[in-house]
């Protein structure tokens, strides 16, 4: 059953990540009259939606009893303040990471951003080894190297992308690069920290997500006030929101739930591989839908390497002797 949940959650993550990349790219490049929606408010709204979804799931687990729901929330959150406070650290880092990625996408071309952001897989592996004591075998370390090479091939910029990158100033490229590098390290640390909390305590993944979303909303609102306070007071919190914006926000909220399930039933490194597969899928779809990418032989080589690395990571050679030895 756990194996089925593992691959089901990974499959949903690939779908969610692919859809989010395509819709977010389209929403940020679509030319419209009036102000564009603020990314800082989108992060906050996504956190609120995630909290609402998790409360509903806890309600469902409580046999649709409001009284049981209130008791569970009171016992697991209010009566365990130290357990709740544990989520403040990863929540703050996740909020910072979400805002950094908007900064990165505003200052880097898509190819450079996506290649560089895959460094989070390596940082996740290193934090998993150091914080969780996870043992990676030779095949798993090799798969990480192959994955990095494959993603680099997949996102190798074409001539048109190189020309577009020249339009970006050196300063903005440096800002974008620093943003995505910090996001890579924060993603690795926060993801492994959250995994450690989930697997060492008995609280459900939905309760943990409510706690995570609570702090995320607070940190997110602080970010809105500091960076976009004037714009919000002038044009409103939901300025620039349209149907596409709400799709992006819902997909972001869904992503938090799916990632939590992946961390619970799989692990952070498999989450990274699923994200890499979604990059290939989103690039292919963008060729047919957005028509802004032409696949090359280098792309197909990279796709093969990423898929091979995914299977290699899951390869578990059985020892010839001492089968009962831990």
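Cβ coordinates come from backbone N, Cα and C, glycine included.
What Swiss-Prot records for 4-24, 38-58, 136-156, 174-194, 212-232, 243-263, 269-289, 293-313 is transmembrane segment.
Counting Cβ pairs under 8 Å to the transmembrane segment (4-24), the top-ranked stretch among 136-156, 174-194, 243-263, 293-313 is 243-263. Against the transmembrane segment (38-58), stretch 212-232 shows more Cβ pairs under 8 Å than any other of 136-156, 174-194, 212-232, 243-263, 293-313.
Of the two recorded stretches, the transmembrane segment (136-156) does not lie close to the transmembrane segment (243-263), with fewer than three CB pairs under 8 Å once pairs fewer than 6 apart in sequence are set aside.
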